[in-house]
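Below you'll find the structure, written out as structure tokens, and then a few comments.
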Amino acid sequence: SEESIYSTVAPIFYVSKLFGLAPLNYVESSETRIEVKFSPAFVTSLIFKLITQFPNNLITTYIPDILLFSSFSINSIISIILAVTINKDKLKHMLVIMNQADKILFNKDSKYYITAKRDLFLRLIVLYLLVSFVILFDCIIWTMLFGMKNLLYFNYYLDMIINWTVVVQFMNYLILLKDRFKQLNGTMINLLKNRRYSESDITLKNLKHTILLSVITKKDSKENKEVYNWTYKDILHYNLTHELLFDATKLIISMFEIQIVISTFISFLSITIWVYFGFNYFFGYEFSLGFDNNLLLMGDLILSATSVIKLLCITLPSHAANCEIAKTDSVLRKLLLIRDMDRSILDEVQRFQEQVIQRQIKITALGFLNLDLSLFFSVMGAVFTYLVILVQ
């Protein structure tokens, strides 16, 4: 079948459907490949989550455990409900917008879609293998300690998988978005391809030098036509593409901002709580008779390390996408430095830059939480601060 954005996201779509996070059916059609239908997995997951919403005293009496498990339950319930109420239409709209932008950016280039689908599939395998190992290891340890009573934690493990699935969705959609901004920036940079000096594509690093050559070197009108072989319509197409990507960015943020805020809070709780319990097991403040404390310590450290990885899965793609988004304005400002550019093209580039400034795209959550590496270091700093207080 023809490769497109729909075939690219198919792996994450089917994985999400297993846990009720994609109440849509993937269908092959020339017009659309997504149709809205209630998924049996959605109904099953929602009913199960409502019945086993919060942990009870049969499972744990530790306040940190209750706080952590309740946060996981709340996040999974919100994710499942949003998937079928609000996000189902947003997902369809976002894919349609990206498909329209792809017609300008990739021009039916199937190589990108094949590569993107392969990379997405590999990320899914690696992350779900990691989550499966963590859950299996934790389940084995606590089953050895408490016996079959540990099966009551099944709800917690399901919540963990659902939470990871939402993060994986968010991460992969941001990576796809980043790829399109990168392609847009690269295409505009290649508009400055100077046949007189080099046949290789111009990169952002040597872009400034190329512009200086274009400004300083005197060329007649015939030479200029060879060097600047594009029209104002091309700039209009790129402006339209940027507008489409702007709309796609807003849809992605609105689909995941609530879940990402809760997931960030859960990551903070998980790292703090599990490292704190790990310290207790390491120094012997807590122990279980007849059981190796080193296994409990290892289990807690693995859980906290997994939460750190989840936080990186949120912040790293957001940081990379924000960098590519900000680069568009930098490219346009450099294009405006070309003095012998056609006036109609120059006016269109200037109009494009003004609209880019007005759009002010940035990956945030609920308008106040900047999803970049600064958030990661802030959370880790808060974890360290609370650990010092708890240890004292």
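Heads up, the Cβ atoms here are built off N, Cα and C, so glycines get one too.
Now, the feature entries from TrEMBL:
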- 66-86: transmembrane segment (TRANSMEM)
- 120-144: transmembrane segment (TRANSMEM)
- 156-176: transmembrane segment (TRANSMEM)
- 260-283: transmembrane segment (TRANSMEM)
- 295-317: transmembrane segment (TRANSMEM)
- 368-389: transmembrane segment (TRANSMEM)
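Here the transmembrane segment (368-389) does not lie next to the transmembrane segment (120-144) in space: the count of CB pairs under 8 Å, restricted to residues six or more apart, is fewer than 3. Here the transmembrane segment (66-86) sits apart from the transmembrane segment (295-317); fewer than 3 CB pairs are under 8 Å, leaving out pairs fewer than 6 apart in sequence. Within the chain carrying the transmembrane segment (120-144), a Cβ under 8 angstroms from the stretch's Cβ atoms is held by residues 8-9, 11-12, 15, 150-151, 153, 157, 160-161, 164, 168, 171-172, 175, 291, 295-296, 299, 302-303, 306, 309, 313, all 6 or more beyond its ends.
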